[in-house]
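Have a look at the structure below before the remarks.
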Amino acid sequence: MGIGRSEGGRRGAALGVLLALGAALLAVGSASEYDYVSFQSDIGPYQSGRFYTKPPQCVDIPADLRLCHNVGYKKMVLPNLLEHETMAEVKQQASSWVPLLNKNCHAGTQVFLCSLFAPVCLDRPIYPCRWLCEAVRDSCEPVMQFFGFYWPEMLKCDKFPEGDVCIAMTPPNATEASKPQGTTVCPPCDNELKSEAIIEHLCASEFALRMKIKEVKKENGDKKIVPKKKKPLKLGPIKKKDLKKLVLYLKNGADCPCHQLDNLSHHFLIMGRKVKSQYLLTAIHKWDKKNKEFKNFMKKMKNHECPTFQSVFK
(Lines of atoms letter the chains of each structure in order from A and count residues from 1; the text may use other names and numbers.)
(Lines give C-alpha, C1' and ligand atoms only; values in the text may rest on other atoms or scores of the structure.)
Protein backbone atom coordinates (compact mmCIF):
# COMPACT_ATOMS: atom_id res chain seq x y z
CA MET A 1 0.00 0.00 0.00
CA GLY A 2 1.25 3.52 -0.65
CA ILE A 3 0.40 7.13 -1.17
CA GLY A 4 0.88 7.95 -4.80
CA ARG A 5 -0.05 10.13 -7.70
CA SER A 6 -2.35 8.27 -10.05
CA GLU A 7 -1.16 10.04 -13.22
CA GLY A 8 1.51 8.01 -15.01
CA GLY A 9 1.53 5.40 -12.24
CA ARG A 10 3.86 7.50 -10.06
CA ARG A 11 4.07 6.80 -6.38
CA GLY A 12 5.34 9.25 -3.84
CA ALA A 13 4.63 11.00 -0.61
CA ALA A 14 4.01 14.65 -1.33
CA LEU A 15 3.00 15.21 2.25
CA GLY A 16 5.08 16.82 4.98
CA VAL A 17 3.65 14.61 7.71
CA LEU A 18 5.04 11.92 9.97
CA LEU A 19 3.30 8.54 10.08
CA ALA A 20 4.35 4.89 9.94
CA LEU A 21 2.28 2.66 7.69
CA GLY A 22 4.72 -0.23 7.78
CA ALA A 23 6.83 -1.54 4.93
CA ALA A 24 3.95 -1.52 2.47
CA LEU A 25 3.18 2.19 2.89
CA LEU A 26 5.75 4.89 2.11
CA ALA A 27 7.45 5.82 5.38
CA VAL A 28 6.20 9.04 6.90
CA GLY A 29 6.68 8.78 10.70
CA SER A 30 4.71 7.71 13.79
CA ALA A 31 0.92 7.80 14.13
CA SER A 32 1.20 7.82 17.91
CA GLU A 33 2.29 11.47 17.76
CA TYR A 34 -1.25 12.48 16.79
CA ASP A 35 -3.98 12.79 19.39
CA TYR A 36 -5.97 15.33 17.43
CA VAL A 37 -6.16 15.88 13.71
CA SER A 38 -7.57 19.02 12.15
CA PHE A 39 -8.45 18.53 8.51
CA GLN A 40 -8.36 21.49 6.17
CA SER A 41 -9.67 19.98 2.96
CA ASP A 42 -11.72 21.02 -0.02
CA ILE A 43 -12.77 17.50 -0.98
CA GLY A 44 -14.95 14.71 0.33
CA PRO A 45 -17.36 14.74 3.27
CA TYR A 46 -15.63 17.73 4.86
CA GLN A 47 -16.78 19.82 1.93
CA SER A 48 -20.39 18.79 2.43
CA GLY A 49 -20.98 21.16 5.33
CA ARG A 50 -22.14 18.32 7.53
CA PHE A 51 -21.95 19.22 11.22
CA TYR A 52 -19.97 16.79 13.35
CA THR A 53 -20.62 16.59 17.08
CA LYS A 54 -16.90 15.99 17.71
CA PRO A 55 -13.77 17.28 15.97
CA PRO A 56 -11.71 14.71 14.04
CA GLN A 57 -9.76 12.47 16.41
CA CYS A 58 -6.93 9.99 15.90
CA VAL A 59 -7.84 6.73 17.66
CA ASP A 60 -6.58 3.16 17.86
CA ILE A 61 -8.00 0.66 15.38
CA PRO A 62 -9.72 -1.84 17.71
CA ALA A 63 -9.12 -5.59 17.40
CA ASP A 64 -12.79 -6.22 16.69
CA LEU A 65 -12.75 -3.95 13.63
CA ARG A 66 -11.98 -7.11 11.68
CA LEU A 67 -11.92 -5.44 8.28
CA CYS A 68 -8.95 -3.21 9.09
CA HIS A 69 -7.27 -4.46 12.27
CA ASN A 70 -4.30 -5.95 10.36
CA VAL A 71 -4.18 -3.42 7.52
CA GLY A 72 -0.64 -2.24 8.36
CA TYR A 73 -1.12 0.81 10.60
CA LYS A 74 -2.55 1.12 14.10
CA LYS A 75 -4.45 4.41 14.24
CA MET A 76 -7.35 5.88 12.27
CA VAL A 77 -9.36 9.09 12.08
CA LEU A 78 -12.93 9.57 13.30
CA PRO A 79 -15.15 10.70 11.63
CA ASN A 80 -13.96 8.54 8.76
CA LEU A 81 -14.27 9.33 5.05
CA LEU A 82 -17.69 7.65 4.88
CA GLU A 83 -19.06 10.07 7.51
CA HIS A 84 -19.25 7.50 10.31
CA GLU A 85 -18.82 9.49 13.51
CA THR A 86 -18.53 6.72 16.12
CA MET A 87 -16.45 3.57 16.34
CA ALA A 88 -19.63 1.56 16.92
CA GLU A 89 -21.00 2.73 13.58
CA VAL A 90 -17.70 2.03 11.80
CA LYS A 91 -17.55 -1.53 13.16
CA GLN A 92 -21.15 -2.28 12.28
CA GLN A 93 -20.92 -0.92 8.75
CA ALA A 94 -17.50 -2.45 8.08
CA SER A 95 -18.67 -5.90 9.16
CA SER A 96 -20.75 -6.15 5.96
CA TRP A 97 -17.52 -6.23 3.95
CA VAL A 98 -15.56 -8.85 5.90
CA PRO A 99 -17.03 -11.85 4.02
CA LEU A 100 -16.10 -10.21 0.70
CA LEU A 101 -12.56 -9.58 1.94
CA ASN A 102 -12.29 -13.30 2.72
CA LYS A 103 -13.10 -14.12 -0.92
CA ASN A 104 -9.77 -12.60 -2.09
CA CYS A 105 -11.40 -11.10 -5.17
CA HIS A 106 -8.64 -8.47 -5.47
CA ALA A 107 -5.31 -7.93 -3.72
CA GLY A 108 -6.17 -4.27 -3.04
CA THR A 109 -9.61 -4.80 -1.48
CA GLN A 110 -8.53 -4.24 2.12
CA VAL A 111 -6.33 -1.24 1.29
CA PHE A 112 -9.17 0.39 -0.66
CA LEU A 113 -11.89 -0.24 1.92
CA CYS A 114 -9.77 0.69 4.93
CA SER A 115 -8.64 3.96 3.34
CA LEU A 116 -12.32 4.94 3.71
CA PHE A 117 -13.55 3.03 6.77
CA ALA A 118 -10.36 3.54 8.81
CA PRO A 119 -8.39 6.37 7.18
CA VAL A 120 -4.86 6.84 8.37
CA CYS A 121 -4.07 9.84 10.59
CA LEU A 122 -2.72 12.60 8.36
CA ASP A 123 -3.15 16.37 8.43
CA ARG A 124 -5.76 16.18 5.65
CA PRO A 125 -7.89 13.34 4.25
CA ILE A 126 -6.28 11.28 1.51
CA TYR A 127 -8.71 9.34 -0.67
CA PRO A 128 -8.06 6.12 -2.59
CA CYS A 129 -6.96 6.49 -6.20
CA ARG A 130 -9.77 6.17 -8.71
CA TRP A 131 -7.92 3.42 -10.59
CA LEU A 132 -7.66 1.39 -7.37
CA CYS A 133 -11.40 1.73 -6.81
CA GLU A 134 -12.07 0.66 -10.40
CA ALA A 135 -9.73 -2.33 -10.16
CA VAL A 136 -11.32 -3.55 -6.91
CA ARG A 137 -14.84 -2.92 -8.23
CA ASP A 138 -14.21 -4.74 -11.51
CA SER A 139 -12.77 -7.78 -9.71
CA CYS A 140 -15.16 -7.91 -6.76
CA GLU A 141 -18.55 -6.90 -8.14
CA PRO A 142 -18.92 -10.19 -10.08
CA VAL A 143 -18.32 -12.01 -6.77
CA MET A 144 -20.80 -9.72 -4.99
CA GLN A 145 -23.45 -10.56 -7.57
CA PHE A 146 -23.39 -14.20 -6.45
CA PHE A 147 -24.75 -12.85 -3.16
CA GLY A 148 -27.30 -10.54 -4.79
CA PHE A 149 -25.28 -7.34 -4.23
CA TYR A 150 -24.02 -4.65 -6.58
CA TRP A 151 -21.29 -2.05 -6.11
CA PRO A 152 -22.87 0.53 -3.78
CA GLU A 153 -23.40 4.18 -4.64
CA MET A 154 -21.35 5.25 -1.62
CA LEU A 155 -18.24 3.77 -3.31
CA LYS A 156 -18.86 5.12 -6.79
CA CYS A 157 -15.38 5.35 -8.29
CA ASP A 158 -15.77 8.71 -10.03
CA LYS A 159 -15.89 10.29 -6.55
CA PHE A 160 -12.20 9.55 -6.08
CA PRO A 161 -9.20 11.51 -7.39
CA GLU A 162 -7.44 10.85 -10.68
CA GLY A 163 -4.67 13.44 -10.72
CA ASP A 164 -4.09 14.18 -7.05
CA VAL A 165 -2.23 12.55 -4.18
CA CYS A 166 -4.16 9.39 -3.34
CA ILE A 167 -3.92 6.03 -1.60
CA ALA A 168 -2.46 3.37 -3.89
CA MET A 169 -1.30 -0.18 -3.62
CA THR A 170 0.63 -0.83 -6.81
CA PRO A 171 1.16 1.29 -9.92
CA PRO A 172 -1.86 1.26 -12.26
CA ASN A 173 0.12 -0.57 -14.97
CA ALA A 174 1.01 -3.44 -12.64
CA THR A 175 -2.32 -5.17 -13.20
CA GLU A 176 -0.82 -8.63 -13.07
CA ALA A 177 0.15 -8.09 -9.43
CA SER A 178 -3.39 -7.18 -8.43
CA LYS A 179 -5.16 -10.11 -10.02
CA PRO A 180 -6.50 -12.56 -7.43
CA GLN A 181 -5.25 -16.09 -7.25
CA GLY A 182 -8.84 -17.10 -7.61
CA THR A 183 -10.76 -20.31 -7.90
CA THR A 184 -13.60 -21.45 -10.11
CA VAL A 185 -15.66 -22.58 -7.12
CA CYS A 186 -18.98 -20.73 -6.69
CA PRO A 187 -18.10 -17.96 -4.17
CA PRO A 188 -20.90 -18.85 -1.68
CA CYS A 189 -19.44 -22.38 -1.54
CA ASP A 190 -15.82 -21.30 -1.10
CA ASN A 191 -15.87 -20.85 2.67
CA GLU A 192 -13.23 -21.15 5.35
CA LEU A 193 -14.25 -23.59 8.07
CA LYS A 194 -13.31 -21.31 10.97
CA SER A 195 -15.78 -20.42 13.69
CA GLU A 196 -15.15 -16.66 13.35
CA ALA A 197 -15.63 -16.79 9.57
CA ILE A 198 -18.92 -18.70 9.96
CA ILE A 199 -20.14 -16.14 12.50
CA GLU A 200 -19.24 -13.33 10.09
CA HIS A 201 -21.25 -15.03 7.35
CA LEU A 202 -24.15 -15.51 9.75
CA CYS A 203 -24.19 -11.81 10.60
CA ALA A 204 -23.94 -10.80 6.93
CA SER A 205 -26.85 -13.10 6.04
CA GLU A 206 -30.54 -12.52 6.66
CA PHE A 207 -31.50 -16.10 7.47
CA ALA A 208 -29.88 -19.39 8.51
CA LEU A 209 -31.23 -22.94 8.36
CA ARG A 210 -30.19 -26.47 9.25
CA MET A 211 -31.18 -28.32 6.12
CA LYS A 212 -31.30 -31.66 4.35
CA ILE A 213 -31.38 -31.19 0.58
CA LYS A 214 -33.70 -33.17 -1.69
CA GLU A 215 -32.28 -32.16 -5.09
CA VAL A 216 -30.22 -29.59 -6.96
CA LYS A 217 -30.94 -28.58 -10.55
CA LYS A 218 -30.05 -25.83 -12.99
CA GLU A 219 -32.53 -23.07 -13.75
CA ASN A 220 -31.95 -19.85 -15.74
CA GLY A 221 -28.22 -19.74 -14.99
CA ASP A 222 -28.70 -20.49 -11.28
CA LYS A 223 -28.54 -23.61 -9.15
CA LYS A 224 -31.98 -24.34 -7.72
CA ILE A 225 -31.85 -26.06 -4.33
CA VAL A 226 -34.94 -27.92 -3.17
CA PRO A 227 -34.93 -28.69 0.59
CA LYS A 228 -36.08 -31.98 2.07
CA LYS A 229 -36.00 -31.06 5.76
CA LYS A 230 -35.24 -27.72 7.35
CA LYS A 231 -34.97 -26.22 10.80
CA PRO A 232 -34.71 -22.43 11.13
CA LEU A 233 -31.85 -20.99 13.18
CA LYS A 234 -32.53 -17.41 12.08
CA LEU A 235 -35.68 -16.70 10.07
CA GLY A 236 -35.11 -13.10 9.01
CA PRO A 237 -37.44 -12.36 6.06
CA ILE A 238 -38.77 -15.94 5.83
CA LYS A 239 -42.28 -16.30 7.19
CA LYS A 240 -43.05 -19.55 9.00
CA LYS A 241 -45.92 -20.28 6.62
CA ASP A 242 -43.47 -20.07 3.67
CA LEU A 243 -40.95 -22.52 5.13
CA LYS A 244 -42.79 -25.53 3.70
CA LYS A 245 -42.46 -24.42 0.08
CA LEU A 246 -39.06 -22.73 0.47
CA VAL A 247 -36.69 -23.01 -2.50
CA LEU A 248 -33.15 -21.58 -2.55
CA TYR A 249 -31.03 -20.34 -5.45
CA LEU A 250 -27.27 -20.22 -5.91
CA LYS A 251 -27.15 -17.06 -8.02
CA ASN A 252 -25.19 -17.41 -11.29
CA GLY A 253 -24.12 -20.83 -10.01
CA ALA A 254 -25.34 -23.13 -12.79
CA ASP A 255 -21.86 -23.81 -14.16
CA CYS A 256 -19.49 -23.31 -11.21
CA PRO A 257 -18.75 -26.17 -8.80
CA CYS A 258 -20.11 -26.28 -5.26
CA HIS A 259 -18.41 -29.28 -3.70
CA GLN A 260 -20.70 -29.34 -0.67
CA LEU A 261 -23.56 -30.22 -3.03
CA ASP A 262 -21.73 -33.23 -4.48
CA ASN A 263 -22.99 -35.38 -1.61
CA LEU A 264 -26.52 -34.64 -0.40
CA SER A 265 -26.58 -37.32 2.30
CA HIS A 266 -25.44 -34.80 4.96
CA HIS A 267 -27.27 -32.07 6.81
CA PHE A 268 -26.06 -28.57 5.96
CA LEU A 269 -25.85 -25.15 7.56
CA ILE A 270 -27.35 -22.86 4.91
CA MET A 271 -27.24 -19.06 5.13
CA GLY A 272 -28.79 -16.59 2.75
CA ARG A 273 -30.74 -13.45 2.02
CA LYS A 274 -33.88 -12.48 0.16
CA VAL A 275 -33.48 -10.52 -3.09
CA LYS A 276 -36.81 -9.55 -4.63
CA SER A 277 -38.80 -12.79 -4.65
CA GLN A 278 -35.81 -15.16 -4.48
CA TYR A 279 -34.07 -16.63 -1.45
CA LEU A 280 -30.36 -16.70 -2.29
CA LEU A 281 -27.80 -19.02 -0.73
CA THR A 282 -24.85 -16.96 0.53
CA ALA A 283 -22.93 -19.63 2.48
CA ILE A 284 -23.07 -23.40 2.94
CA HIS A 285 -21.26 -25.70 5.38
CA LYS A 286 -21.58 -29.38 6.14
CA TRP A 287 -23.31 -29.78 9.51
CA ASP A 288 -20.47 -31.52 11.32
CA LYS A 289 -20.69 -31.59 15.11
CA LYS A 290 -17.45 -33.57 15.27
CA ASN A 291 -15.51 -30.71 13.72
CA LYS A 292 -13.87 -28.51 16.38
CA GLU A 293 -14.42 -25.22 14.52
CA PHE A 294 -18.07 -26.03 13.80
CA LYS A 295 -18.62 -26.90 17.47
CA ASN A 296 -17.07 -23.57 18.45
CA PHE A 297 -19.39 -21.80 16.03
CA MET A 298 -22.43 -23.49 17.58
CA LYS A 299 -21.36 -22.29 21.04
CA LYS A 300 -20.67 -18.74 19.88
CA MET A 301 -23.90 -18.51 17.93
CA LYS A 302 -25.99 -18.84 21.10
CA ASN A 303 -24.68 -15.61 22.63
CA HIS A 304 -23.29 -13.65 19.68
CA GLU A 305 -24.94 -10.33 18.84
CA CYS A 306 -24.71 -9.32 15.20
CA PRO A 307 -24.45 -5.65 14.09
CA THR A 308 -27.80 -3.89 13.93
CA PHE A 309 -27.14 -1.01 11.54
CA GLN A 310 -28.72 -1.30 8.12
CA SER A 311 -26.38 -2.86 5.57
CA VAL A 312 -24.33 -0.46 3.45
CA PHE A 313 -25.48 -2.38 0.39
CA LYS A 314 -29.17 -1.50 0.79
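From the backbone N, Cα and C atoms, a Cβ is placed for every residue, glycine too.
Annotated features in Swiss-Prot:
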DISULFID  CYS58-CYS121  disulfide bond
DISULFID  CYS68-CYS114  disulfide bond
DISULFID  CYS105-CYS140  disulfide bond
DISULFID  CYS129-CYS166  disulfide bond
DISULFID  CYS133-CYS157  disulfide bond
DISULFID  CYS186-CYS256  disulfide bond
DISULFID  CYS189-CYS258  disulfide bond
DISULFID  CYS203-CYS306  disulfide bond
DOMAIN    53-169  domain 'FZ'
DOMAIN    186-306  domain 'NTR'
CARBOHYD  ASN173  N-linked glycosylation site
SIGNAL    1-31  signal peptide
Quick one: Cα separation, CYS68 (disulfide bond) versus CYS157 (disulfide bond), in Å?
20
How big is the gap, in Å, between the Cα of CYS140 (disulfide bond) and that of CYS133 (disulfide bond), rounded to a whole number?
10
Other C-beta atoms that fall within 10 angstroms of the C-beta of CYS189 (disulfide bond)
21
CYS129 (disulfide bond): secondary structure state under DSSP, collapsed to three categories
coil
What DSSP gives for CYS256 (disulfide bond), in three states, is coil
Say you check the Cα of CYS157 (disulfide bond) against those of the disulfide-bonded residues CYS105, CYS114, CYS189, CYS203, CYS256; which is nearest?
CYS114
Looking only at the domain 'NTR' (186-306), what are its DSSP counts of helix, strand and coil residues?
32 helix, 47 strand, 42 coil
Secondary structure split (DSSP) over the domain 'FZ' (53-169) reads 47 helix, 13 strand, 57 coil
Just to confirm: which same-chain residues, 6+ apart in sequence, have a Cβ under 8 Å from the Cβ of CYS256 (disulfide bond)?
THR184, VAL185, CYS186
To what whole number does the mean pLDDT across the domain 'NTR' (186-306) round?
92
From the Cα of CYS129 (disulfide bond) across to the Cα of CYS203 (disulfide bond), what is the distance in angstrom?
30
Other C-beta atoms that fall within 10 angstroms of the C-beta of CYS133 (disulfide bond)
25
State the Cα to Cα distance, in Å, between CYS258 (disulfide bond) and CYS105 (disulfide bond), rounded to an integer.
17
